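Some notes on the structure that comes next.
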């Protein structure tokens, strides 16, 4: 059920575009009070715009609806309405509409900039936003609220300017009611159905013609398909013959192919003989050439020559290696010489740079010392020692200078604080005097404003008093008293007359007499009917007794057949016949419950057994898988170990083998490292002996022979160590490879160990537990199944009794029914036998009683009419008496108002004179205070100028001193930086490095000359070996060519032998010609068959092409679809006719029912609310505008006595307002089933006091009636405080809202406590 919860307004009409105003809507009442023009109606307008998107009347396309930019002082204003409501399904939704009004050069532009719906996703709890176009939003919100847009516009949220629409012109009234009833939509639906029915009738005729045409085409297509089928059969027969011929041709082709392949092989062999003969001829010539070019032929074999060449190559390789090693050493020496030359150049450049920096450092130290002396002299900081200063002296003097700078900064800070303190004190004195002057000035202005307000109030009170005196002058109090007495006497007389006539007792007496006569008439009618039906009842009695006896025999037979089984079920007891079925059914239900319980237990036990079996199966599978994995890992590890050890090894030996391989690897690595260290030691020894000509260990000088011997010994050691190092490297690599292979098996071995020690034992234990539990569960299941089978047998035996006993019980009930009918008939016949009147006497008595009854009815109607007229007179007199009393009370109130106005005038005059005295005293006190304030401000400004000058002088002195100190510190920093970087020590180091580079350069030049001589000797030796190598290579080439010639000779002889074995080429060619003739004959026969098939296929193709024409395409489906379409269209057309009639009748019935319901509510509300005597009630009259359509015209009628008049143009403004309100309440009651919201804007406009009170009472009764309805919401907007107090009671709302305007003339909404 939809309700509105809260609304935010910003920038609409007079509401501030910068601030948000929020209204919370209560249930059942939301009361909004405020003066005219405060902005109350804007709330209704915002509700209507949010829900329907329709702007209020006279909004000038939205220009006057949005806050004016000129008023806000901006070029554009933005507005927003945010409404939170519950949908008809109870879901919270927030509707947001945003607007913009822009001031252009010559006009204003209105724009709706955003329409958004927000809701909460019930699954995720997240906020979901959907943006809509305005038109979509206008359709979406009424659908969510469960009411139409017309109801929202014309019933729920009605603007004050449109609230009297029920009494507007007939066309407007018709449009409103048509929208509310959705009449136009349904009338159009009827017209569409009627038109569709007519169109479909025409389509049915067309469909029948199409179906006849399709039937003709279908028959033609059938004939074509029949012809195609016959041709296809003939084609298939010919194709079988063609297949046989093709098989024969293929066999002949295969034979031809074999012969051709044989011929091809012969020709290939012939070609190979020719190629190899040519190749042998070429190689033989090459052999002869090589033999002629040999300087001498070597008698050694090819293997001996190759071995000689291999060793020769090895010796040449060693010599080449030595030459390359010496060349590399030569290049290294030249590179070293170049590097030393470069380093020497760099050292010279850096020495020059560092010497320059040392000179600059000395100048900077002298400058620093001079600066320290100047500072101490100028600022009188004490005596200084003589220059140059040591580092410690400089540090002490610098610290004294810094300390003096800190003292100057503290002096400056103290000066600033003392200045601020003095200025603050002077300013406080000034502000104190200024505050006293402002306070008195403010008091004076306030007194002046109060005095002006009092003057204005005096004028208003005088006007009010004059108006009251004028009203009193028009009232004749004496005449009012006399009229009150007359009306009261007449009312008492009528009331007494009403009570004396005793209408209620007389009406009750007449009704009692009528009831008595009706009872007598019914008794006589029964006697007459009984008398007429006597003979028939006796025949019925006899038949009933006969049927009853037959039923008793059937019943006894069934009971005798089932008696023993019943006793067995009920443990030997046989219940009465009437309770037999009930007890058997109870026993059946009991045993069924027991059986169901056992079935449930058996299913649960079976489920547990199945679960255990599945678990056991799963554990078995897992155990099998683990054992399989264990075995595979074991085989894998043992195979790897066997491959490594070349012997059979079990998996248990793996840890020891891994540890052993690790130790062996570490030992080999340690030996290799030790040998490598020795080799690295021998090479520097040899190098140092060459360079320094002394022993590297004892540093003893060598002679030339000792040095040569030492170097030779070192080379021998290095050579032997190198070979040993290679062997150790191979052994270390092998040991590491074995360890790596074993280590890769570690993860597999760990998995194997985990499987054998943890996983498999745990699985076996689980399997054993599940097996034991399965045995227990299986025994329990067998027990339950045994008991269940026994119970099922008992249940089946009882179920076999149910059907016979149901028949017996049904027969027994029929026997009882017949017995009751027999007793009734016997009683009727016995009663009649006591003595009866004749038919004529009964008829005469009935006529007499009927005439008496009609006479009493007439008297009763007359009494009721007299009572109504009397009560109407009393009601009119009461209304006149109340009106006179109100007039009298009004006059008394006017007198009190005049007295009160005069008292207020006297009090205001006294207040005004007192204010004049206060203003005079305050004006006199302002003069001295103004002079004191100006003097204090002048003193403050003088002090501020003087103290600022003193502070600036001290600050300037401190700045000069700080600049000199910073210059000193900068110089000290550069000096310290020179020492920190140790540039003096670096100069000494680089000079030492330059001397060392010169010595190394001389050594390198000597070694370069030595290497050049030795390299030239080795290259000469290398050139002499080349000639010997060429001789060996030429002998090898000659021997190789000779061997190839002999090989080719053997291959040619072999090929010629193969050609002779196969046969001659001419014989094979003759056989191929014979086979080709047979192939031609078969192909001729095959072509003849193909021609026949082509003729048949041409016919088939022609027929198929004809079938593919558009007229035959999908002809069966089209014929079937057309038939279905025809039948379904005929059925649909009949349904449309039914729908048209049903909808037509439903619309008429719905309209009539709703109008009766609306008029009933209008009549009740009018009689409860209206206090005038000129109208009994009002109603809405609807007329059908034509016989053929369901269009209605509407008008509001008023009933005055027996006269019915149209209300429009004959009612006052107040009656119009009240009638419109009541009609809206009735429409809301009738149509707003899903939306219990109703907004009333100024409902008391043009209503007098009694009608306002009665309207308030009616609204209170409606709220009381709807207190159980959760979604009922009444929103009332009024300026009438009295009316608001009448309906604003605490049981209906805790707070009410007051709308007012602030100082900026912006509307504001304030929540206040409800009226007490």
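Counting begins at 1 with the first residue displayed.
The backbone N, Cα and C atoms fix where each Cβ goes, glycine too.
Taken verbatim from Swiss-Prot:
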- 13, 36, 37, 39, 40, 41, 42, 66, 68, 160: ATP binding site (BINDING)
- 41, 160: Mg(2+) binding site (BINDING)
- 695, 698: Zn(2+) binding site (BINDING)
- 194-343: coiled coil (COILED)
- 648-686: coiled coil (COILED)
- 719-747: coiled coil (COILED)
- 762-972: coiled coil (COILED)
- 999-1090: coiled coil (COILED)
- 648-747: domain 'Zinc-hook' (DOMAIN)
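Here the features listed in Swiss-Prot are placed on the structure.
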{"residue": "13", "record": "ATP binding site", "contacts (Cβ under 8 Å, 6+ apart)": "39, 42, 45, 64, 65, 67, 1307"}
{"residue": "37", "record": "ATP binding site", "contacts (Cβ under 8 Å, 6+ apart)": "1301"}
{"residue": "40", "record": "ATP binding site", "contacts (Cβ under 8 Å, 6+ apart)": "32, 33, 34, 1241, 1242, 1277, 1278, 1279, 1299"}
{"residue": "41", "record": "Mg(2+) binding site", "contacts (Cβ under 8 Å, 6+ apart)": "159, 160, 1241, 1242, 1277"}
{"residue": "68", "record": "ATP binding site", "contacts (Cβ under 8 Å, 6+ apart)": "77, 101"}
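In three-state terms derived from DSSP, residue 37 (ATP binding site) belongs to neither a helical nor a strand segment and is classed as coil. Looking only at the domain 'Zinc-hook' (648-747), the predicted model's pLDDT averages out at 71. In the three-state DSSP scheme, residue 13 (ATP binding site) falls into the coil class. Of all the Cβ atoms in the protein chains shown, 18 others lie within 10 Å of the Cβ of residue 160 (Mg(2+) binding site).
Take the CB of residue 42 (ATP binding site) and look out to 10 A: across all protein chains shown you find 20 other CB atoms. Residue 68 (ATP binding site) falls outside any helix or strand according to DSSP and counts as coil.
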